[in-house]
């Protein structure tokens, strides 16, 4: 399975997801500014992976910090990383975790602080892999044997520290002996499904068929799809789900055709401070992602473009939310809160 991100003595090493599937290349970030750029430019993407990258960004930032006004330097590091992408709550969760640890060590020798932050960032990474495997185990039973699973965007090993959330459920179902295959939406405009999900599943020899986003309803109506499993970037207290743009359309089609629609995400993706998805900030990305594909224009020059990176799926379309602590069902205000407080 692909290694998405790793801490090394030379810096934070991550696979360059903008180059896949044609080129498997790795980028080494040697300071926190380079980590921030990698997150913003989607060299690394996926909510859990962004969280791990942010933790490592704080750690590497403090490695290069001087003795003077360390508090101010840590604040700047955290603020820079927090400004990279607004929707994925895991980013802020990881930054807050690292900042709290730093706060608990304020006044200790700088080398001790540096060492402890590195260790914590590595713990965040290892925890994420273990969490993803637990999500997979909890979701495997929900996947119907002998059917096709539809997924949107990429919520696999590439979107996490390893194994994946939505693709982790698929992997776990196959490991349990189920005979399933996958339909992957191409996921315009950044093509995460075509470029990343198909490539990743091919690495594991999982049977995968690529379809365009506007084909999903056709195959659901034809009875080909057993269930839909997607990831999430932020989940509100009422169960509304922010995920890659186009997810809402898939969920509506699934409801219309009686296809179960599952969301696989770690507890860290829950944002119970938000009562509904209407409060989730939606990132707007550049027009060039829509007007160009691999650097080639596909629209007339000067075309007006809107490019929201995410949409919000209302909870009424969600059959279940699969976490490492179990599966939540409606009413989500109660079930999600119960999962969060579960030891």
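Every residue gets a Cβ built from N, Cα and C, even glycine.
Together with 45, 46, 47, 192, 243, 244, the substrate site in Swiss-Prot holds one more listed residue from 19, 85, 97, which is 85.
Sequence-ordered, the extra residues of this chain that approach the substrate site, with Cβ no more than 8 Å from the Cβ center of 45, 46, 47, 85, 192, 243, 244, are 50, 88, 153, 154, 155, 159, 231, 233, 309, 310.
A 10 Å cutoff on Cβ-Cβ distances gives residue 46 (substrate binding site) a total of 30 other Cβ atoms nearby, all chains included.
Its Cβ taken as reference, residue 233 (active site, proton donor) is surrounded by 32 other Cβ atoms within 10 Å in the chains shown.
The CA atom of residue 153 (site 'Transition state stabilizer') is located 5 Å away from the CA atom of residue 192 (substrate binding site).
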